[in-house]
Amino acid sequence: MSKSLAYPPRKWYRRVPFLSDKSSLTLLDSNGNRKITPEASASLWNWFFFSWLNPLIAIGYSRPHIQSELYLLPPSSDVSVYAGKLDGHIEGLRERVPEGGGKRRRFNFHSPSWRLARALNASVLVWFWVGGAMKLFADVATITSPLLVRAIIRFLQTSEQNRKAGLPEPSIGQGFGMAIGLALLLASGVMANVHGFYRSYTSGILLRSALIDSLFRRTSAFSPLERAKHNLETSRIISMISTDVSRIDFACGYFHATWTSVIQILICLGLTIASLGPAALTGFGLMAILVPSQNYIVKYLFLLRKRSMPFTDARLSAISEALASIRLVKVYAWESALLSKISFLRRSELKLLRSRLLLRAVNVALSFSVPTLAAVVSFVTYAALGNELDAAEVFSALTLFMLLRTPLLLLPVAFGAAADGANAIQRLAGAFDAPMPDHGLPIDGDIEAAVEVKDATVSYRVQDHSDEKSEKQTSSFQLTNLTVHINRGELFMIVGPVGAGKSTFLGSLVGETRLETGHAVLGSRAAYAPQQAWLKSGSIRENIVFGRPWNPDRYNSVLSACCLTQDLSTFPSGDETMIGENGISLSGGQRQRVALARTIYEPSPLLLLDDVFSALDAHVQSEVVQKVVLERDPGTTLVLVTHSLHLLRHADRICCLNEGRVEEMGSFAELMGKEGGQMRRVVEEFASKSSAEEEEVEDGDLKDGVPSTDGGDASQTTSNKAMMQTEERFIGSVTARTYASYIRAGKPAFTLTFFILSMLIFQGGSILSPLWLQWWQEGRFPTLSSGTYMGVYAALGVSQAIGLLAMSSIFGFFIFYSACQIHADAIRSVLYAPISFFDTTPLGRITHRFSKDIDAIDNVIGEAFRMLLSTVAQVVGAVVLISIILPWFLLAVFVIVILYILTGMYYRPTARELRRLDALTRSPIYEHVSESLNGIMVIRSLGALQTTLDRNRENLNTENSPYWLSVACQRWLSVRLDLLGTCLVLLVGLIVVGSRSSISAAQGGVALSYIVTVQAVFGFMIRQSAEIENNMNAIERLLYYSHDVPQEPPHKREGDVGLVEKKWPGQGAIEMRDVVFTHREGLEPSLRGVNLVIPAGCRLALVGRTGSGKSTMLAALVGMGEITAGTIMVDGVDVSTIGLNLLRKRIAFMPQEAAVLSGTLRYNLDPFGEHDDADLWRVMHQVGLSSISAQSSAETLTSSDQEKSSPDDAAISPSSHSHSQHLTLDTPIHAERSDLSSGQRSLISLARALIKDASIFVLDEATASMDMELDHRLQRVLRENLRGKTTIVIAHRLDSVVGSSDLICVMDEGRVAQCGSPMDLFGEEGGHFRSLCSDAGLGELDLVEARRRFVSS
């Protein structure tokens, strides 16, 4: 067995003596395979005491477990089994819904939420309810134990009376027998309780995994638009599976307490009346008054939880958006704006959390104090009625009242958990009730055509759920009266302006829109590739093969066709290189080519490509088009949406769409010969821009060995050894630093000080109260009247209630402060982390920290700490009280407490590591669900949906193993600790009986009543301490983000104020001196000694092949990495001495992929509110945003797999959808389900750059995915607004920059190969620029003509 993991050396006080080292042992079988959990095959003894876990715990004490050796769950507990049961019951219940749905009933048991609840119950019916029966037996055994307490006290009374009367005392064996019987009764209850909770907790595990599996399966059947319609965006689904499903899991563990506790209370009422007669009714009358208030509190807690969920969802959505758009956030220095938004939502969430914590404190105080106050009232009434306080009756009744604390404490928790579970079921019910869509057009292999559409109308509708109180807004788009016949083997191209419906048309062919009328059928299965490439976490090979059969010949052919062979040769592990979430470590062109390779890897008779070549430069585009399009198999039908005019002449037929209708269709020659035709107008207007590219495509073949030059800079990947970081795993005990950090976050000077004072008041009253009752019964102070006894006893009871209320309330503030501080520190640290952190960390992992782990801090860990401190106080009080009466108990309890501690120490390493493994295996579930939903259209089109669903089940089964074993280990500990508790009862019982000649019956009653009441507290204390250490994993993970995530250089520096006053940079001159730059530590430099001077007001174009360092130059300029040597000067100021906030705000940046954030258009343009509306409207007019309809391009959503519109229909057409309302500054924008097309997003990106009015303007391939018309319009806007400003442009179309640039900088292998005017560089024979122009088909005359056009425009 590998010993790669080992605990740090243990301190002597953390070691369990007399244990041999088991680190060399393994849980694997002789063949090295994982075993099925031995629970089912265990002997009755091992099953009863959970001893089948002994090997697991023994090894876990010696060394950390690893996931690959843990027991597997049996096939009967597989996720597929219970997911199938759940789905079957849901469908069965849906079929039995009566006509009208039962809406007239007061309780509609056929509502979606009730159906889901009943289906959950039916899925685990026998296992769950046998656990309930066991819990009932345990509760009855516990609540009837005072009968034996009374019998023992009677025995003491009889012994005392007979001894005084000189009569023979009862046989001591009789007393010992009753003490043993009391212990056995409690022991039987312990065993039933442990197994009852085991079944309840594991039922939660089974239902949790079944819910996640079923929810993922159902939502994966929806398109992004359909999910938006049902309010099931990706962030909300992640919230559901991380929070709501976990609450149902938690509710299962405590559900049975909601009814068994009531039975306990009723039995207690009967027994108390039997002891105290009618006087008991006064105590229970007080309970009848106070306990219902708990129900109101629980209801209000439920309401508060419900109110907080929208804020939680909004916070998680804001975090997800910030992470997804982190490059935009960085280059615009928007961290503080996003932090402010997230903090506002968190504060709203915390206000409700504070109210919940204080209400919970009142509830806890009531639950614990009501029995005490009821006992006070009952005993005072009993005495006031003239009854003599009989020790047997009084102390058995006191035991009953004190035992009521457990059900009364448990009831609020149980009802709260049930309320949370009910709330979660209501939130989940909508997803489970949504009708499953029927995706895909019918396929008929017998038809002649590849695609046949006749008189069809297709549409989608998106509902806006942003404001649940208002009427839901619906946006829609339609393609009407479509009649399209695509022949088999045909190259069919689709063109059109913005809002024309090109992407919607492709989406309809893969079943992502709704066919309203008409007829549509496919002749074969279709493979689809969107324009915005989607990749999954994994290796490049995994992304291309995508779970399909391995075919090396086909694979190599696909790599060659997509020009990936040269790229793979530069990667450290070739095609086994891990590329990260959505291929974040690849350039844009590389991502697109990998996605295209995946689409064509398995030959398909019908290919649907949505403008997939726009992100490629001319060279690579030419070769890929040649091999993928022009040299495709003769029988392959290719439908291509394109903005590249030079490709149109290769089409067999072209379809021109406009405003959702087919405007014209025919061959290239036919459409060019049509006077006044749409396509002829566009081609004649913009053909000159693509002439060079057209010539290049005609050439067909490229020179051998020419590396790809598509957009983006892949240099950061060439030396990468591990692109995605594995999630950190903590080993060993939770450090003192972790506990100290958590305590410091809770403002301990205030909270802990007052907590200790209130705990002393509470515990003092708890110890003195039974002693005073004893003295009252014995008449210890003859001078005191009965009324005085009553008054003091009542005062002690009230002091307990006040002390407990203060203690719980103050600790509620501690939880509130710590939750507030930990979240604030973690999110600040993450947002200010360098971009390399996000390149190597899956976003799903980060969002999991801020969902599941924050939920644990808000609702679990603090409460666990409070309960631990309370139990410690109770244990100390119990030991003190019983030792006053029975000094020998101190010696016995010392031995047993040592056993308690050693048992806990033996258990904790295994429990801690299992919980950590559970957390580590849980993150991949969220990551897989998130990235799969983002790419669901691609997954479905490739027929990989079932593989994706199977992977999710595999992840769930993997996580269920440590989770189930963790629960089982808790029961292993509970059995042993609670049996030790019964040993304490037995010891006290035997000592009391054995000391009958030296103690009074009242003293014996105090000792017995107290030990029976608190015996479980001893075990609970150890168990709670272990549970806290297990749950501290959430604190560890968030503190890691708070303190250990690397941070960017300071965003603010002392000299920034002076630069602001000087309005730096006024000119925009840039100078780079010997700059060496790397994207992150451990990588080879991407820039190697760069020297470059950019005069103020100069327009410079960066060109070069892939990996040459173009994008890296821009990253260095805005501080998106580490400059390890050299300096960058802007207007004579070293940028390393400037705060990143000022630096990035003073450089206007327009990235290739335009991103938006949820909020208003005003928020997207100016999140800090630095500009007035007049300025914002001015830039909106300049870029054309003010004339855009708010819904004009929602149709482009169908082409994206990422719940955001694709960069498809990028041009802006004000005429489209003129009936819609125009964009205003207050128009709401949704990042995930935006109504904006990619073109509109690009214009927003341009507007937010222009509003800065910066002297330096940077465009990083900003027009790569735009059509000719929008590109032309954008260039005109830039020329008009950027005169006199320093402009740096990266462009993959060389002809688009040679005419407009004053200087050309040619990058090669991280160095400046050439820099000068276009004509000067072209004149250098053998130079890099001359070579690039030659490869692009550009000659000297082309450069002259391009410059002439720019100057004259």
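Each residue's number is its place along the chain shown, starting with 1.
Using the three backbone atoms N, Cα and C, a Cβ is placed for every residue, glycine included.
According to Swiss-Prot, the features are:
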BINDING   496-503, 1104-1111  ATP binding site
COMPBIAS  1191-1200  compositional bias 'Polar residues'
COMPBIAS  1208-1218  compositional bias 'Low complexity'
DOMAIN    129-420  domain 'ABC transmembrane type-1 1'
DOMAIN    460-684  domain 'ABC transporter 1'
DOMAIN    756-1030  domain 'ABC transmembrane type-1 2'
DOMAIN    1070-1334  domain 'ABC transporter 2'
CARBOHYD  Asn121  N-linked glycosylation site
CARBOHYD  Asn481  N-linked glycosylation site
REGION    687-720  region 'Disordered'
REGION    1191-1223  region 'Disordered'
TRANSMEM  40-60  transmembrane segment
TRANSMEM  124-144  transmembrane segment
TRANSMEM  172-192  transmembrane segment
TRANSMEM  250-270  transmembrane segment
TRANSMEM  271-291  transmembrane segment
TRANSMEM  364-384  transmembrane segment
TRANSMEM  397-417  transmembrane segment
TRANSMEM  748-768  transmembrane segment
TRANSMEM  796-816  transmembrane segment
TRANSMEM  864-882  transmembrane segment
TRANSMEM  888-907  transmembrane segment
TRANSMEM  1002-1022  transmembrane segment
**Asked** In sequence order, which same-chain residues at least six apart have a C-beta under 8 angstroms from Asn481 (N-linked glycosylation site)?
**Response** Asp455, Ala456, Thr457, Arg661, Val662
**Request:** For Asn121 (N-linked glycosylation site) and Gly496 (ATP binding site), determine the Cα separation and express it in whole Å.
**Result:** 54
**Asked** So which residues does the transmembrane segment (864-882) touch in its own chain, when a touch means Cβ under 8 Å and the partner is 6 or more beyond its ends?
**Response** 755, 759, 762-763, 766-767, 770-771, 807-808, 811, 815, 889-890, 893, 988, 1006-1007, 1010-1011, 1014, 1017-1018, 1020-1021, 1024-1025, 1027-1028, 1031
**Asked** Near the transmembrane segment (364-384), which residues from the same chain, at least 6 beyond its ends, have a CB less than 8 A from one of its CBs?
**Response** 272, 276-277, 279-280, 282-287, 290-291, 293-294, 297, 394, 397-398, 401-402, 404-405, 408-409, 411-412, 769, 773, 786, 789-790, 793-794, 797-798, 800-801, 804-805, 808
**Item:** Other C-beta atoms that fall within 10 angstroms of the C-beta of Ser1108 (ATP binding site)
**Value:** 26
**Request:** Count the other Cβ atoms sitting within 10 Å of the Cβ of Gly1104 (ATP binding site), across every protein chain shown.
**Result:** 25
